[in-house]
Amino acid sequence: MKFTKMHGLGNDYVYVNCFEEKVENPEEVAVKISDRHFGVGADGLILICPSDVADVRMRMFNSDGSEAQMCGNGIRCVAKYTFDHGLARGDSEFSVPGQETFKNSLRVETGRGILKLGLAVGDDGKVEKVCVNMGQPILKGEDIPVALNLDEVIEEPIEVEGDVLRMTCVGMGNPHAVFFVDEGVNSIVLPKIGPKVENHDLFPERVNGHWVEVHAPDEFTMVTWERGSGITMACGTGACACGVAGVLTGKTERVTKAHLPGGDLELNWCEEDNCVYMTGPATEVFTGEWPE
Ligand SMILES: N[C@@H](CCC[C@H](N)C(=O)O)C(=O)O
């Protein structure tokens, strides 16, 4: 099986072009191929497949083999692969209301529907940066899902190992719980608290957990424990959820820069269409062949 290793801000996945390859058991392959000692090493597996309704369809599997609805860093890499490898031409325009216009765009079918993306193409004809319309955030408790019968889950208490924390929950197709911390994100012991939050009874489908330090209304730093993959260097859907949580709690403005361990993302929860726009890089690292 031919594969391509790609990353978005260090959130790395093994990508398989399913226009050419067939992956019989992606859940099992994801676990084996993601292993950093016995496999290729990645946060998971992403399949780029033909679609009847969009340019391509993506399926993403965490390193524990679970399938997630969406991956923000992954979709930027899917767009780069699709354009750079000629799977689609992407020759129509894409614009962010009242902001940038991109000459090239793509439509990607995901577990949360069809998402549109604008491509910034460099002088070498390859995609350098991608802006994704991540859709409208999901705020109702049961839709995220969180086991709380609330229209919005803002600064609600959650007990973790005897401590009562305050969480704001946002769905970006997949579920996110955001914790604002005053004492800096380095004070968070992710391997200890991450699994407790991910598997807490309040989250029927588990959850991605993020800890956020706000520096200014337009700037924050975040660290992440991802559902199904643990600590990652970046989480795109998570950054969008943190941007939305910042607005809901009155801590940030709608346009923000998120600092993640692997680099920065630009976020815009646009008032005009209620959609979240996320802009960041996508990088191809190497190609290889997996024997199984
Ligand atoms: N790294 C991703 C999110 C991947 C899926 C997540 N772990 C989940 O299970 O929901 C991103 O960049 O959004």
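From the backbone N, Cα and C atoms, a Cβ is placed for every residue, glycine too.
No curator has checked TrEMBL annotations; they are predicted automatically.
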Going by the substrate site in TrEMBL, where Asn11, Asn62, Gly72, Asn73, Asn174, Glu226, Arg227, Gly236, Thr237 are listed, which of the candidates Asn17, Asn25, Asn186, Asn208 is also part of it? Asn208
Which residue, out of the active-site residues Cys71, Cys235, shows the minimum number of other Cβ atoms inside 10 Å of its Cβ in this structure? Cys71
Any idea what DSSP makes of Gly236 (substrate binding site), helix, strand or coil? helix
Shell list (substrate; ref centroid = CB of Asn11, Asn62, Gly72, Asn73, Asn174, Asn208, Glu226, Arg227, Gly236, Thr237; cutoff 8 A): Ala68, Met70, Cys71, Gly74, Thr224, Ser229, Thr232, Cys235, Gly238
Integer Å value for the Cα distance linking Gly72 (substrate binding site) with Cys235 (active site, proton acceptor) is 7
